[in-house]
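Visitor: Please see the structure below; I have some questions.
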There are 2 protein chains.
Amino acid sequence: MSKPTLPQGTRDFSASVVRKRNYIFNTIRSVFEVYGFQPLETPAMENMETLMGKYGEEGDKLIFKILNNGLAEGATPEKALEKAARSRESFEKLLSGKNISDITERALRYDLTIPFARYVAMNHGQLTFPFKRYQIQPVWRADRPQRGRYREFYQCDADVVGSRSLLNEAELTGIYATTFTKLGVPVEIRINSRKILAALAELCGGSDKMVDITVAIDKLDKIGLEKVKAELAQRGLDENQINIIERYLLIAGSNTEKIEQLRALASNNATAAQGLEEINFVLNYQPEDAPLAEVVIDFTLARGLNYYTGIIFEVKAKGANMGSIGGGGRYDDLTGLFGVPNLPGVGISFGVDRIYDVMEELNLFPQEVEASTKVLFFNLGEAECAKAFQLAQELRARGISAELFHEQAKFDKQFKYAEKKGIQYVAILGSEELQNGTCKIKNQSTGEQNTVAQADIASQIQ
Amino acid sequence: MSKPTLPQGTRDFSASVVRKRNYIFNTIRSVFEVYGFQPLETPAMENMETLMGKYGEEGDKLIFKILNNGLAEGATPEKALEKAARSRESFEKLLSGKNISDITERALRYDLTIPFARYVAMNHGQLTFPFKRYQIQPVWRADRPQRGRYREFYQCDADVVGSRSLLNEAELTGIYATTFTKLGVPVEIRINSRKILAALAELCGGSDKMVDITVAIDKLDKIGLEKVKAELAQRGLDENQINIIERYLLIAGSNTEKIEQLRALASNNATAAQGLEEINFVLNYQPEDAPLAEVVIDFTLARGLNYYTGIIFEVKAKGANMGSIGGGGRYDDLTGLFGVPNLPGVGISFGVDRIYDVMEELNLFPQEVEASTKVLFFNLGEAECAKAFQLAQELRARGISAELFHEQAKFDKQFKYAEKKGIQYVAILGSEELQNGTCKIKNQSTGEQNTVAQADIASQIQ
């Protein structure tokens, strides 16, 4: 048989990568928890109708569908297909996508938001609102694989639903600030309000311009001001309107200066005033103990998704060449699509794959995260091995990871194993040590070697 | 839109269940780690050819297949089907399962062993052997859902490959013993050797009887001795042979007594002697610090899977009416199917769903596992709220989970929120407390209420 491979866009994570990823997940999780967010886990597969139509036409195409299978005795994908194709008519319906449900009824989760909405809609009678949940699970997208884009990747979300209070935005800002400070990643937490963008649309003649303006502004980072202006012109905005937008995009300085400039530009606009009030509220609640995070107003921040209605967030790592490593915002209606209207909320997300890359680039993972086995006991004879097994057990009971070489072998081979696995200490227990109740401990990184009483091994290596 | 539902056989896990499950996972993980096992994570989807044909015909049917999707511009399941069905010939091939790869090339992982084998085969040049890995991930099976059987469930495996040493079996026994002692679950770790079963087949006239005998014995627990004998007769064993098997199945007593009885039954059989040597080795290495685990010989233990060749394990909880909560054994060849021959190994698995049920039944989860938010700050005015936010931040920085009620509301409403969420303390900070630098702390479970200095809140609630 030929050498096996992995499906395109998927990855194996070996020990050191799992450890580093878990360090990120555990840090985020611990912050979610101290802010009172509760964990939720939903299944990998959802019913097709739960997912379809929620992510736009492009999104629908990227959802992984699962072939019907095993529901009935002897059912197979072939039988499901055969059933669907039993007549010319039903086969044509199948080909035209009209009874695709004959062959697929379930699909893999595409994000964590829709499964969360589905969960809230199914359980809203039992939940305590405001409901604060976090969720850390993989999602699957049939995207064309490319550098940094995978078909299976983790999302890491926190949402509060059932509250319009801006305190939630303030707390989510605090979660970002605390988490990145704990991870050692210096960040800018950029905030804006969709209401400011709505105000800009009003200044440009009407809220029907909102989509055109946000879509163009969203590209500012990538294509620059001149091309944004060209795109706005193409989208039918006149010189005067583009002028206003240019003045808006050129707003700069400290948070206070930016607010002043916006006030000058949008004086007397009530929507802008509301947006500024939201932003000021969040700025006033900046956490004090998060020195690595800076909360900055970014009026050019638009966020692609249309469902945002209030404060929007985006996090950028300072000193690393990387897109946003977090984002989110306020929405008006989480569960309306599932028959439960009027449930507003606000949420944020961490981009764990990118955070990982930034931490690698800036060398931010603490050394102990990668720690392998702490000590390897050599295997030097039957009685020696029995004693070493017992001593290893004693270390393990104290939480020290220990291995015993699996067979009697030459010193060389056992040293090589310790070296390859990056084990810091080797414990050598030969016939002499067995007799004396001692053990040689060698520090593999310094080369230092000591003979200690067997009872002192733990203190020697800690 | 109608109320959304979950796919059959899948589950949402709410906060308290996630916490309890994580308690089990984290306990198992910590024991794997102190024994020097390294984490591995593989993707949810594997190439079809990696999985198919590895689990028998029944297994193949239970593998969830994923529709081809999104590989090419505008690709959809419909288009894939259309392509497969472009001619009568190719459609008939599709229906007969011969070019099913036109519509599906990937499938969801069915267990953790085959992905592990695939990983080892792909990376064996880079790995250090013996390679000790653990893996805790969900798997998917299109089984008919029923009580306690799900279509998505976690497996939790540890394997050592590249070593024939029985020390590995001894250490895996130690992992079981330590883990269940830590979890507080009293267990019997039952062991046997496939070599003993092979010897029994030899005593009954030939190793060709091995499958008949193990299949029948495997049912002993369920159908009892008489029906096992009837099945053996049906499978063509004669009275004399059935007699030997009956004497074998009636072996009882302490481990030493069982060994003696087997020796009497299989005197001069070299295979039995080998099997007993293996068992004795493992028994001699029983860990001393695991009082809740008892290692017992169970010669009736067969384990369904044919690939086991040496020691086999099964774990039963004492005092709970539940099937095995763990199992495993030694195999000769992990990766031969993937072109890398001669890689023997031994592994064990934890049945987390069943362990969860046993722990619920025996009330073994520590209370702190379920801990929700520790303290809720009431929201009693703008200035009060700002102060409360700051105090909450201070508690969070110390690792104490704290919430601030999201809006100014009547006491009643805020108390009710604390009650519903099971929050132990409420912190009341009104205008008077704000002025005095104090805070009222009420213990919700005792009703006790104290006014303390704001700096003393943490010590008051710990």
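Placed from the backbone N, Cα and C atoms, the Cβ positions cover glycine too.
The following feature annotations were taken from TrEMBL:
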DOMAIN    B:1-355  domain 'Aminoacyl-transfer RNA synthetases class-II family profile'
BINDING   B:Asp111, B:Leu112, B:Thr113, B:Arg141, B:Gln155, B:Asp159, B:Arg303, B:Tyr307, B:Tyr308  L-histidine binding site
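I'd like to know what surrounds each of these features in this structure.
Guide: For the recorded site, B:Arg303 (L-histidine binding site), the DSSP three-state label reads coil.
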Visitor: Kindly assign B:Thr113 (L-histidine binding site) to one of the three DSSP-derived states: helix, strand or coil.
Guide: helix
Visitor: Which entry in the list of binding-site residues, B:Thr113, B:Gln155, has its Cβ near the fewest other Cβ atoms, using 10 Å as the limit?
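Guide: Counting other Cβ atoms within 10 Å of each of the binding-site residues B:Thr113, B:Gln155, the minimum falls on B:Gln155.
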Visitor: I want to check the contact list for B:Arg303 (L-histidine binding site): same chain, sequence separation of six or more, C-beta distance under 8 angstroms. What comes out?
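Guide: The list for B:Arg303 (L-histidine binding site) reads B:Asp218, B:Ile312, B:Glu314, B:Gly327, B:Gly329, given in order along the sequence.
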Visitor: Averaged over the domain 'Aminoacyl-transfer RNA synthetases class-II family profile' (B:1-355), what pLDDT does the predicted model reach?
Guide: 90
Visitor: Determine the Cβ neighbour count for B:Asp111 (L-histidine binding site): the number of other Cβ atoms within 10 Å of its Cβ.
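Guide: Its Cβ has 17 other Cβ atoms within 10 Å.
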Visitor: Can you give the largest Cα to Cα distance in Å, as a whole number, for the residues B:Asp111, B:Leu112, B:Thr113, B:Arg141, B:Gln155, B:Asp159, B:Arg303, B:Tyr307, B:Tyr308 that bind L-histidine in the record?
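Guide: Per the listed residues, the maximum Cα distance equals 22 Å.
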Visitor: For B:Tyr308 (L-histidine binding site), which residues in the same chain are close in space, meaning a Cβ under 8 Å from its Cβ, but six or more apart along the sequence?
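Guide: In sequence order, B:Arg194, B:Gly329, B:Arg330, B:Tyr331 meet the Cβ cut-off.
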